[in-house]
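*Asks:* Take a look at this one; I'll ask things after.
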Amino acid sequence: MKSVGRMGIHYLQRLNAENVPKELIQKGQARVIEASLTLIRERAKLKGELLRALGGVAASASLLGVPLGHNSSFLQGPAFAPPRIREAIWCGSTNSTTEEGKDLNDPRVLTDVGDVPVQELRDCGVDDDRLMNIISESVKLVMEEDPLRPLVLGGDHSISFPSVRAVSEKLGGPVDILHLDAHPDIYDAFEGNKYSHASSFARIMEGGYARRLLQVGIRSITKEGREQGKRFGVEQYEMRTFSKDRNLLENLKLGEGVKGVYISVDVDCMDPAFAPGVSHIEPGGLSFRDVLNILQNLKGDVVAADVVEFNPQRDTVDGMTAMVAGKLVRELTAKISK
């Protein structure tokens, strides 16, 4: 997997070694970037026009896949997650209705604008600075087509930074973030990588894109994680005190006075008994129903969300974690759509 993750870097090095003119490389990259954004733009426009013609909808969740795994510090399997999550959402073993009764077959509830072609962009030598900008721009393209709201399928957790940045910039102010995870992902630059999946929330807080950041399910946190939390004023709820915090967390009210609520769910927030298909297996987590209780009881205008860090390469034979991730997406769809 490491070799797959570095394909784009090696390809660019080969081009440079063969003295391919820099201007030629840059023009080619620009064309690929524009083609990538055009595909997202036109898909979002088509879905937005359909919903506006149908009428009767104020907000509709729209799936945007970001198959990025190279910023993982351990395994890169999350890059393969978006298609597996989609497969689980529409699996014939269950029906298309969410727990609160919304039908996913209704485009006013759920649409899909496809994937950001991450590997193709990296194959052309697009670096992470530009890749993060492309992800942000893709999220904004979805938001431009009212009433679409982005529900991003990761990918590793590094995608949350460009996604939250896009939402905050597009709405014109900070959001409140509910972050469910075993880890705080707030290192300054984990292993020297400022875009590491373990550093995404440091970038978010530095940028001023969040007013409040609530981190729930934490049970693998270092001294730096706690210090960074204090530095940014993060509200960290660790699993060791969950029984005491449960009533608060299952009755959250967020988003008042800001542009809305962003929800980020790392699948490893749950105990591996419920979701073994993750890169970082950390016992002692939330149950699936704990997560749904927190999400379903949350009061606030959810303007966007992501589901990240599902690793199909570590899933069980019957795809249990894929179904868990798919159900999370289904219930987040119900939360967003109205």
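All residue numbers here begin at 1 and follow the chain in the order shown.
Cβ atoms are placed via backbone N, Cα and C, with glycine included.
Here's the feature list from TrEMBL:
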BINDING   H157, D181, H183, D185, D266, D268  Mn(2+) binding site
*Asks:* Other residues with Cβ within 8 Å of the Cβ centroid of H157, D181, H183, D185, D266, D268 at the Mn(2+) site?
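*Replies:* Not counting the recorded site residues, we get H179, A182, P184, H197, A198, C269, H280, V308, E309.
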*Asks:* Could you say which of the binding-site residues D181, D185, D266 has its Cβ with the most other Cβ atoms inside 10 Å?
*Replies:* D185
